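Residues or ranges marked as compositional bias 'Basic and acidic residues' in TrEMBL: 58-70. As annotated by TrEMBL, region 'Disordered' applies to 55-100.
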Amino acid sequence: MESAGAGNAPSVALTHVVALYDPADGRVVHLHHVVVLEGGRRISREEAERQAVVSARESGHESDGLRSRYLETPLPEGPGVLHVDTATGRVHAAAPDPAR
């Protein structure tokens, strides 16, 4: 596969991914991505988690009672609804619940 450049875009310096989930069933309600480019202001993991809650509220989600999970591994591939296994902390994609 050939690769082509697209100009002089800055490199990615840092990424954060935070999942906000319902602890009752592990269902991920909000997924927050932060991408910091070279030369940009670096933010901490804690700031990314706070921003996730603010972003969820701004998107209309009730954030009270949700838990956050900082993801250090790639998201699961394939279709499905993201869930956090509360015993292991791992994120997996589950088949959608037809009752929802």
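Each residue, glycine too, has its Cβ placed from N, Cα and C.
Tertiary proximity for the compositional bias 'Basic and acidic residues' (58-70) is limited to same-chain residues at least six positions away from its ends with a CB under 8 Å from its CB atoms, namely 16-23, 29-30, 45, 48-49, 52, 84, 89, 91. For the compositional bias 'Basic and acidic residues' (58-70), the DSSP counts in helix, strand and coil order read 1 helix, 4 strand, 8 coil. With helix defined as DSSP H, G or I and strand as E or B, the region 'Disordered' (55-100) counts 4 helix, 12 strand, 30 coil.
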